[in-house]
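**Q** Next up is a structure, given as structure tokens.
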């Protein structure tokens with residue numbers, strides 16, 4: 001298929017994931033038409049307009065078409081790994097103990113600062129390829145392992161280059177307020193000053209960040225410190241996101257909502273008030289079962305409270321070297337169902353429509369609607385539930401990015 005190709009996918013079943021459609025918006029005996037990288041028709045094949053009769057046809061053999069999957073929370077660009085910390089945790093050390101002993105995020109900072117931009121791209125591509133192989137068409141990538149201006153810029157530039165190396169959409173997030181670098185000697189206020197006055201202006205000037213994130217936790221930054229970063233992001237007209245309530249309830253979810261954040265992520269310790277605040281603000285709850293599983297957390301995010309409040313829920317891998325070295329969004333869906341008791345529809349919507357909402361790109365992708373990008377995943381399955389049910393099996397038949405297979 002060429003960039004300006006016109007293609008009809010015939011003999012398909014289509015899960016449109018439209019907002020108010022029941023049963024994932026499933027259409028049997030359907031066709032989907034792509035023209036100039038956009039969806040121009042998605043509906044019953046017997047109602048296909050005659051104007052598309054001359055288009056190239058691809059017979060889907062009754063396979064299921066969904067929106068291309070979206071991994072809306074990753075730390076994909078990093079250097080090295082932290083397998084040694086994994087061994088420590090198996091021996092009983094907690095995430096906090098590893099971090100306070102100089103491990104955790106700070107060890108990844110040392111590795112990233114020593115790596116070149118080319119090194120980072122080279123090391124990250126295999127992780128990205130693993131996601132792409134499962135039908136992923138959009139990936140969010142955070143910085144946050146540089147923690148100084150040049151290293152954060154290096155990370156974000158490496159992330160943007162991923163989208164040049166592969167047919168995938170990359171959304172970049174500046175996560176300067178991720179951890180306190182060792183050279184700050186515990187002075188968090190001075191470091192936040194650097195984030196606000198040194199890093200963020202340079203990153204904003206170069207247009208390297210689609211969003212600004214922070215880690216609101218006792219071992220990272222407190223709500224008043226995060227608020228300073230968010231105020232600065234607002235001044236630069238950059239939307240915000242937040243790692244919130246992962247290890248304790250500092251009311252990070254409510255803080256994120258108060259800034260109209262695109263999303264608040266993790267949320268194991270979020271309370272009902274936080275869920276309600278997020279629903280009112282339209283802030284998406286991005287749940288990260290890979291991290292929950294990997295650090296053997298026991299506190300589950302309040303899925304029932306999110307449902308009751310009407311908070312939208314997304315799922316993501318949280319790929320990172322310390323707490324979620326996970327590169328499978330299919331497994332993430334299974335974890336969302338088995339660990340968090342999310343429904344099949346919630347899981348599939350969570351890696352398509354709601355993931356797009358969490359990135360502020362629902363107007364472009366995430367559902368199969370006329371005018372949206374032709375980002376598709378075509379699956380060799382009989383029931384949508386198989387995407388969530390199977391473990392260690394990839395039923396992807398074809399992946400389509402901007403209309404191209």
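Cβ from N, Cα, C; glycine included.
As the structure is a computational prediction, the values presented were derived from the model and not from experiment.
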**Q** From 82, 383, 390, 399, grab the residue that Swiss-Prot records in the same 4-imidazolone-5-propanoate site as 145, 178, 246, 323.
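**A** Of 82, 383, 390, 399, 82 joins 145, 178, 246, 323 in the 4-imidazolone-5-propanoate site that Swiss-Prot records.
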**Q** So Swiss-Prot lists 73, 75, 243 for Fe(3+); which of 167, 318, 363, 373 goes with them?
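**A** Record check against Swiss-Prot: Fe(3+) site with 73, 75, 243, extra candidate from 167, 318, 363, 373 is 318.
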**Q** How big is the Cα-to-Cα gap, in Å, between residue 145 (4-imidazolone-5-propanoate binding site) and residue 75 (Fe(3+) binding site)?
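**A** For residue 145 (4-imidazolone-5-propanoate binding site) versus residue 75 (Fe(3+) binding site), the Cα atoms are 9 Å apart.
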**Q** Listed 4-imidazolone-5-propanoate-binding residues 82, 145, 178, 246, 323 - what's their greatest C-alpha to C-alpha distance in Å?
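**A** Value for the max Cα separation, rounded to a whole number: 20 Å.
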**Q** Name the one residue among 73, 75, 82, 243 whose Cα is closest in three-dimensional space to that of residue 322 (N-formimidoyl-L-glutamate binding site); these are the binding-site residues.
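**A** So, of the listed binding-site residues, the one sitting closest to residue 322 (N-formimidoyl-L-glutamate binding site) is 82.
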**Q** Would you say which of the binding-site residues 73, 75, 82, 318, 320 has the most Cβ atoms within 10 Å of its own Cβ?
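**A** It comes out as 73.
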**Q** For the binding-site residues 246, 323, which Cβ has the most other Cβ atoms within 10 Å, all shown protein chains included?
**A** 246
**Q** For a quick check of packing: other C-beta atoms within 10 Å of the C-beta of residue 322 (N-formimidoyl-L-glutamate binding site), how many?
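**A** Its Cβ shell of radius 10 Å holds 24 other Cβ atoms.
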**Q** Using the structure shown, find which entry in 145, 178, 243 (the binding-site residues) has the sparsest Cβ neighbourhood within 10 Å.
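**A** Selected from the binding-site residues 145, 178, 243 on minimum Cβ neighbours within 10 Å: 178.
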